[in-house]
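Here the structure is laid out as structure tokens; the discussion comes afterwards.
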Amino acid sequence: MWRVRKRGYFGIWSFPLIIAAVCAQSVNDPSNMSLVKETVDRLLKGYDIRLRPDFGGPPVAVGMNIDIASIDMVSEVNMDYTLTMYFQQAWRDKRLSYNVIPLNLTLDNRVADQLWVPDTYFLNDKKSFVHGVTVKNRMIRLHPDGTVLYGLRITTTAACMMDLRRYPLDEQNCTLEIESYGYTTDDIEFYWRGDDNAVTGVTKIELPQFSIVDYKLITKKVVFSTGSYPRLSLSFKLKRNIGYFILQTYMPSILITILSWVSFWINYDASAARVALGITTVLTMTTINTHLRETLPKIPYVKAIDMYLMGCFVFVFMALLEYALVNYIFFGRGPQRQKKAAEKAASANNEKMRLDVNKIFYKDIKQNGTQYRSLWDPTGNLSPTRRTTNYDFSLYTMDPHENILLSTLEIKNEMATSEAVMGLGDPRSTMLAYDASSIQYRKAGLPRHSFGRNALERHVAQKKSRLRRRASQLKITIPDLTDVNAIDRWSRIFFPVVFSFFNIVYWLYYVN
């Protein structure tokens, strides 16, 4: 009994296989090729490709499948990506149903020109083409119930609007929009054939700069002025790989910034070395910025990598300005400070000499139309014996209020008491004539006194020359270098600490 039931089950399950084998053999049999030809001719005879299936009835449902072969390129400059795929559409056309042959008929690609096909197009397409090697890559397959499978091998360049504010730590969403060009939702409907399994090959894609994190399928309807149209969307979520940019941009920028700090350890008086190092690092950062801008579109907002490169550029530029500050203190502010101190001391000495000079009486004498002011001893007790008198004069000119206008020059003059008595007693003796430039000592015209006048003038000239030498030495006197060294020492700590803080804030903000 059990054997009989077993044989019965075997007969039930094997009957369809036998029928299919017989039909297949009949189809492949050259004697039955005429039957296949007659079936195809009958289907195409009287077929009107101008009318959609079920014209005037319910909308035809078109299911779609995509098998992605590769994503060839993602361009930030052109804001697009290139995709190669096997695009398949399936719909049912009752006019193409048959029951004579219980098998699918795969026909030549040229038959597609004689059948109705959906007017599908890619909404965000920039440039597309159907491959034609060795023949046009199209497929038409008919099923007995009238289902038509239409396949194409297409390469399309689709627009992908990117937000590059976080570049190169960004994630982008690139979509492929599929829509009917002429038929509205009253005539045609689109759906993903196989639901979530409608798109395959995504996990096999490998991109040099991106990783496909996720993808999703979207079905929606869009409304235009001409009606409502069906639309299918395939959205890729792309995450940029940071490894290339770390090696190409970030690491060189970090190393160049650190290199600019080497100038803090170079001696402050080595101007050529520090300036050359600073300018070289600044120009290198400028070159990196320029190269980066050439590989990106001209967008109005600031990108993440722009923030980093600008930060590095600021640090490099500030290192150069640090030496400018050191150089200013070393060669500029120090001598100026010393000069001001010297002028202040000279002013104090002038004020002191002004008070001392007020103790000397002046006597105005007019001789030969010229007015002189004579110095004389108010005591008049100069003894005839030889004595040494030291006078501290000021090499000065005086205004009507007797204010001292020039710096102090100490003049020590040793003369005989007899000459001093003669000079102070005679109103025509040694006198000072004031003009706008200097002091002139004049004698009373006696030949015997000309030697003393010339000696005094020579002494004054020597003092003037000595004062000029002291003034020239003041300009090259090396100032106190404590502040200069302190700036370099603080810079060695300040720059690395601030740059490290900048990196921590940058990476925490943009990575998260």
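We number each residue from 1, going along the chain as drawn.
Backbone N, Cα and C define each Cβ position, glycine as well.
What Swiss-Prot records for 1-25 is signal peptide.
Taken from Swiss-Prot, the feature topological domain 'Extracellular' applies to 26-241 (among others), supported by a curator's inference.
Residues or ranges marked as histamine binding site by Swiss-Prot on the basis of similarity to another entry: TYR121, SER180, TYR181, THR226. Under 8 Å, Cβ to Cβ, and six or more positions away along its own chain, TYR181 (histamine binding site) finds ASP119, THR120, TYR121.
Secondary structure at CYS160 (disulfide bond), taken from DSSP and collapsed to helix, strand or coil, is coil. If you take the C-beta of CYS160 (disulfide bond) and look for same-chain residues 6 or more apart in sequence within under 8 angstroms, you find VAL74, MET79, ASP80, TYR81, ASN124, GLN172, CYS174, THR175. Residues or ranges marked as disulfide bond in Swiss-Prot (evidence: experimental evidence): CYS160-CYS174.
Within the same chain, residues at least 6 positions away in sequence whose Cβ sits under 8 Å from that of THR226 (histamine binding site) are THR184. Under DSSP, THR226 (histamine binding site) is assigned to coil, being neither helix nor strand in the three-state scheme. Here Swiss-Prot flags TYR181, THR226 as 4-aminobutanoate binding site.
Long-range contacts of the transmembrane segment (242-262) within the same chain: residues 168-169, 208-209, 277-278, 281, 284-285, 288, 292, 305, 308-309, 312, 315-316, 319-320, 491-492, 495-496, 499, 503, each at least 6 residues beyond the stretch ends and with a Cβ under 8 Å from a Cβ of the stretch. Under the heading transmembrane segment, Swiss-Prot lists 242-262 (among others), citing sequence analysis as support.
The annotation transmembrane segment is assigned in Swiss-Prot to 273-292 (among others).
Secondary structure of the topological domain 'Extracellular' (293-310) per DSSP, as helix, strand and coil residue counts: 9 helix, 0 strand, 9 coil. Per Swiss-Prot, the feature topological domain 'Extracellular' maps to 293-310 (among others); the stated evidence is a curator's inference.
Here Swiss-Prot flags 311-331 (among others) as transmembrane segment.
According to Swiss-Prot, the transmembrane segment annotation covers 491-511 (among others).
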Conformational class of TYR181 (histamine binding site) under the three-state DSSP mapping: coil
Shell of the histamine site beyond TYR121, SER180, TYR181, THR226, same chain only (C-beta within 8 angstroms of their C-beta centre): ASP119, GLU179, GLY182, TYR183, TYR229
Span of the histamine site, taken as the largest CA to CA distance across TYR121, SER180, TYR181, THR226 (Å, rounded to a whole number): 17
Long-range Cβ neighbours of the topological domain 'Extracellular' (293-310) (under 8 Å; 6 or more residues past either end): 76-79, 164-170, 245, 249-250, 253, 285, 506, 510
Local confidence of the topological domain 'Extracellular' (26-241) - pLDDT mean: 92
